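**Student:** The structure is given below, and queries will be raised subsequently.
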Amino acid sequence: MLTKKQVFAPVEGGILESYNKLNLQDYFILILLVTIVGLRYNVGVDWPAYKEYFEDFDLYKNLSFQDQTMEVGYYLINYFANYIGGGYILVFSIAACVSWFFVLKSVPAKLLPLIIFFIFSDGYFFWSMNGVRQFIAVAIFAYSIKFILSKKFLNYFLFIILAALFHQSAILLIPLFFIPYERVFKQKWWMIVFGISFVFSGTPLILSALPKIFKVISEFVPFLAGYNSYFDSQYYEARELTGTGLGYYFRILISFVLLIFSKPLIQKYPETRVYFVLFFLGVIIYNLFFSFQIVERFTTYFLFLRAYLLGFLVYYLYKSRTFNFIGLGILVIYFILFWSDIYTSANDCCPYQISI
């Protein structure tokens, strides 16, 4: 029987220490993912735009960094591929290698199969072939959480800066290091706030206030000004009409299940508290402002952690034996969701085609 220390030990030892090492099996998984993602042809909503950017790279490489249409990190990947005479396949392969390397590094070894399963079945694998730049940033952020746990601000800061080289929005994640995680997560209060955010989701008062607040913030954080177009009324109306559905309510239900089990999970595995705080911070923000894509982009950093929490939860339920049927039910439902995403071609993921 595993002890609490063996199951979820502090960052400096035990299960979380495996974040720092990848074994041969992990590298095989990485190579397989890079091959699938790198060789894809016309898979992903933004695939044509990324391909066009590389093919027109001669128009961009003489511009200053501040005049670029892409962030520095993604520009450098294209510059390298262009310099050595590679093609857009190389660009996609390098991007996939960087992102999935950090994803694999961010997952405890014993939970790798579970968490990777939920990353796939929760739709993030398909989204990774669409939001290429932000997925790199999300993966780096997921890895950097270990430095919040170990209270190493410099390490956290440097990796967030690295993430921001691929998606500017990551710079807003720096203050998360200073949240007093030990004190802010009280299950009862988070349930109340979660319920309020759901009840007031999409109300006119909140939706009318956000563009004004964002405009004020963008005056102090200049790079955010470019996102003001996401509050265009015509674009917002389209989002409002398509923002909710069965998928939205299912994820609300899953969030509620995670909230119910948060207390025993945190008691058994204390380090999961950080993941719970970050995830539910994202859930609450998303509930209130889901109609705006700019909010969806920002909350992706937090909602991505649902896969981690589901992995923690299923592992906990399996070990508890009393509720292991719930864990099995969650696995079955998400397996069905994965095939549903394939059937409906989520993020234009299907049909899958290769470039060679």
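Yeah, the Cβs are placed from backbone N, Cα and C, and that goes for glycine too.
Heads up, here are the entries from TrEMBL:
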TRANSMEM  27-43  transmembrane segment
TRANSMEM  80-104  transmembrane segment
TRANSMEM  133-149  transmembrane segment
TRANSMEM  156-177  transmembrane segment
TRANSMEM  189-207  transmembrane segment
TRANSMEM  246-262  transmembrane segment
TRANSMEM  274-295  transmembrane segment
TRANSMEM  301-318  transmembrane segment
TRANSMEM  325-343  transmembrane segment
**Student:** May I ask for the residues of the chain that lie six or more residues beyond the transmembrane segment (325-343) and have a Cβ under 8 Å from a Cβ within it?
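**Tutor:** Distant Cβ neighbours of the transmembrane segment (325-343) are 117-118, 120-123, 126, 257, 310, 313-314, 317-318, 349-350.
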**Student:** Residues sitting near the transmembrane segment (301-318): Cβ under 8 Å, six or more positions beyond its termini, same chain?
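**Tutor:** Sequence-remote neighbours of the transmembrane segment (301-318) are 107, 110-111, 114-115, 117-119, 122, 124, 137-138, 141-142, 169-170, 173, 251, 254-255, 257-258, 261, 264-265, 268-269, 272, 275-276, 278-279, 281-283, 285-286, 324, 326-327, 330-331, 334.
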**Student:** May I ask you to check whether the transmembrane segment (189-207) and the transmembrane segment (133-149) make contact, with contact taken as at least three Cβ pairs under 8 Å and only pairs 6 or more apart in sequence counted?
**Tutor:** no
**Student:** When you look at the transmembrane segment (27-43) alongside the transmembrane segment (80-104), do they share 3+ Cβ pairs under 8 Å, ignoring any pair fewer than 6 residues apart in sequence?
**Tutor:** yes
